[in-house]
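If you check TrEMBL, you get these features:
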type: TRANSMEM; residues: 20-41; note: transmembrane segment
type: TRANSMEM; residues: 62-84; note: transmembrane segment
type: TRANSMEM; residues: 90-115; note: transmembrane segment
type: DISULFID; residues: Cys153-Cys186; note: disulfide bond
type: DISULFID; residues: Cys154-Cys170; note: disulfide bond
type: TRANSMEM; residues: 233-254; note: transmembrane segment
Amino acid sequence: MHYYRYSNAEVSCWYKYFLFSYNIIFWLAGVAFLGAGLWAWSEKGVLSDLTKVTRLHGIDPVVLVLMVGVVMFTLGFAGCVGALRENICLLKFFCGAIVLIFFLELAVAVLAFLFQDWVRDRFREFFESNIRSYRDDIDLQNLIDSLQKANLCCGAYGPEDWDLNVYFNCSGASYSREKCGVPFSCCVPDPAQKVVNTQCGYDVRNQVKSKWEEVIFTKGCIPALEGWLPRNIYIVAGVFIAISLLQIFGIFLARTLISDIEAVKAGHHF
């Protein structure tokens, strides 16, 4: 174990550069998320008119990417600089933020388990609000399409939920060509088709309901996700445990390095 810097120093190089390596990965990932988010916004013209974000009634997935990027960039920067410069203030900020995130994740998981009905209702409201904004944002549209294709589902609780969208609404006031239809991601895929038929959902809800299953998925995405979770509970638990262990490891490195620095500055020896 190597130590240096002060004449009586015992600041461990192992802990110092382990923590630096740990954080440089998060810092670079934060840069990548920020770069991807800003590029996506520039492609949609949001950077030249930020009011587009507030005018969207649903959620812009790019906002989530940017939020994750900002958090990872900030924590990665604080951890890297704090470790290299042996800055106790930055290290305490990094450690405290990781502890806060860890307990927030734990609290969300426990509350989601205890209040499943409330979570289900909030998710339904969230999904329905994004159905209304389906055609307003290309990234939101791609997110919903990916969710429906991956889970073989359509709408929140069924294809009728697409009446919430002005383009797919079945009311007589609508003149959209997509009236009484569903997005192509609701369609049952045809193995014989090599090119995606984006018009496969047109007029499908004008047909008798008994024939819907031949053309589109009739299960809602919320019931589909509720069925997916028990089947993949070990994978979900494994991911949660892996993330928790990474956070605990980062907290351990930061706290150990802080203790070493404080001991050296106080003139203590281990």
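Each residue's number is its place along the chain shown, starting with 1.
Just so you know, glycine gets a Cβ as well, placed from its N, Cα and C.
Known features from TrEMBL, placed on the structure.
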| residue | record | contacts (Cβ under 8 Å, 6+ apart) |
| --- | --- | --- |
| Cys153 | disulfide bond | Leu147, Cys186, Phe217, Lys219, Gly220, Cys221, Pro223, Ala224 |
| Cys154 | disulfide bond | Gln148, Asp161, Trp162, Val182, Ser185, Cys186, Ile216, Phe217, Thr218, Lys219, Gly220, Cys221 |
| Cys170 | disulfide bond | Asp163, Lys179, Cys180, Arg205, Asn206 |
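Between the transmembrane segment (233-254) and the stretches 20-41, 62-84, 90-115, it is 90-115 that has the most C-beta pairs under 8 angstroms. The Cβ neighbour count for Cys186 (disulfide bond), using a 10 Å radius and every protein chain shown, is 27.
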